[in-house]
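Positions annotated as transmembrane segment by TrEMBL: 50-71, 152-176, 188-208, 234-254, 275-292, 348-368, 375-398, 418-440. The annotation domain 'CBS' is assigned in TrEMBL to 503-561.
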Amino acid sequence: MEELVGLREGSSGKPVTLQELWGPCPHLRRGIRRALEWLKERLFRVGEDWYFLMALGVLMALISYAMNFAIGRVVRELKTMLSGVVLEDYLDIKNFGAKVVGLSCTLATGSTIFLGKVGPFVHLSVMIATYLGRIRTKTIGESENKAKEIEMLAAAAAVGVATVFAAPFSGVLFSIEVMSSHFSVWNYWRGFFAATCGAFMFRLLAVFNSEQETITSIYKTSFRVDVPFDLPEIFFFVALGAICGVLSCAYLSCQRNFVRFIKTNRYTSKLLATSKPLYAALVALVLASVTYPPGVGRFMASRLSMAKMGQTLFDNNSWALMTRNSSPPWPAEPDPQNLWLEWYHPQFTIFGTLAFFLVMKFWMLILATTIPMPAGYFMPIFIIGAVIGRLLGEALAVAFPEGIVAGGEVNPIMPGGYALAGAAAFSGAVTHSISTALLAFELTGQIVHALPVLMAVLAANAISQNCQPSFYDGTIMAKKLPYLPWIRGRKIGSYPVTVEHFMNCTLTTLAKDMPLEEVVKVVTSTDVAQYPLVETRESQILVGTVERTRLMQALQTEPASWALGQQRFLQDILAGGCPTQPVTLQLSPETSLYQTHSLFELLTLQTLFVTSRGRAVGSVSWVELKKAISTLVNPPAPK
């Protein structure tokens, strides 16, 4: 039945439908149509990415908050029942659901497996960005733009970090430090805009769910603002940074060697290849047995989630002084008003439980990183660093119970400030980043310890970066994934080494005057992605490249205009429509290793051709670069 909307002006009273009412208004209809077309053009105009970035931020915030909410509900249900006596298809959206479910299950284990969600959330954010980019490309009808895609992926990485910690500034800077060797300042606004949208929505959802009254920091602290630390304490903060740097080197070395052992050991490698669920179950059983609260877990605050651990460790009161003259019993259930008691046990002192936590979580986290499941490793090392700082802070509080005298005034030492500095320093040393200092400030909402925290982070990085590769680089090396070694700042004399010393001189070229019979032999006997195209077999002047897939398609489609028995050449195929690409960047045999490495790193290249006076004489890929750098760092023994 048609909807009756009113009477036509001057009519006899007969009602009219909506279609009849708008029919006689062509000018108005055209105006509305033009307005809608203008709106569509503005929204999807090339170069305007605000809507894309805002949608990305809001989506990731919704997913992050929904995951946290679901994990909390699942854990409480489980608790009632028990007391009732993760490079092909890497960014495919099909993997999104599996990643979310797997990560939720990992986080639901709480402190048992002791893993976070930063890394997987960066992956999820990049997946969403790739999917939204494809929708955008199809909507506006433009061709794929690799440069634009890389810009959006950089912003997506920042969103992934920001929506976990609600920290937009450190989210952008941390993603740049960890995932980019070079970064274009033009992408700054993209990352900050998307990260701000995601962080704002993430905290706003907590307000809507009545978890908080307003938008606040994740870890609330109550540090003194007037005199947060005395000047002599700067020495101890720097010493804490040095301790974190040394311990991070030990952790990185053990973690990398253990991953290699798991990959090369005959039994574990076979188990991972054939029965990954069984391996994950065995590791989870070991970790769950150790962290069982009525057992050993009572000495390592195993009843606290990772978020609660952070909240308690940043407490500005000294637990050692609070329990020095008393021995409170270990509560049967965690007390929400005194969660710090989870770090205390009558059989242990505060120093004993903190030290035991460090020793146990050190090897347990290394073991957990070998489980083939989606999980993040930043938050665990952040908590371990907080425990290191808390341990030093408690020791200083006991050594100076009234505080350190400075300028005639005495202020009590706040162990929570040392926990904050330790968390930033250890996590920064493990990941080779400085932005963890800013992350610590955004997480707590206070910046009173800016100078000592930054000094601790710098001291830790000075030791770690000179001794060990970062956690991410070490994992790449242990898993034998493709990567470029870092040579900047190394005194290995990279300038005297030129391309002619390490380039691949075996180069398969295709000439325009090459008969098709020879072209077919080359294509069928090799499996390279593209071939260098030269003018003639004699001159070998490089004029471009041709993709193997396109060339095979052209060879299989023989034009009907060709006469039988007529000899044909590659140039006939090219003239028939087989596309070629120009070579816009080439290397010279005299190009230095340092310059070559910088080009590959800056432009994210895979292969470059080497020409001498226009002639193709070789090629350089990651394989040749890595071999050349390895030869310089570890020169062969003289014969």
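Cβ coordinates come from backbone N, Cα and C, glycine included.
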Criterion met for the transmembrane segment (152-176) and the transmembrane segment (418-440) (at least three Cβ pairs under 8 Å): yes
Range from 188-208, 234-254, 275-292 with the greatest count of C-beta pairs under 8 A to the transmembrane segment (375-398): 234-254
Candidate ranges 188-208, 234-254, 275-292, 348-368 - greatest C-beta contact count to the transmembrane segment (418-440) (under 8 angstroms): 234-254
Helix, strand and coil totals (DSSP H, G, I; E, B; other) for the domain 'CBS' (503-561): 19 helix, 16 strand, 24 coil
Local confidence of the domain 'CBS' (503-561) - pLDDT mean: 84
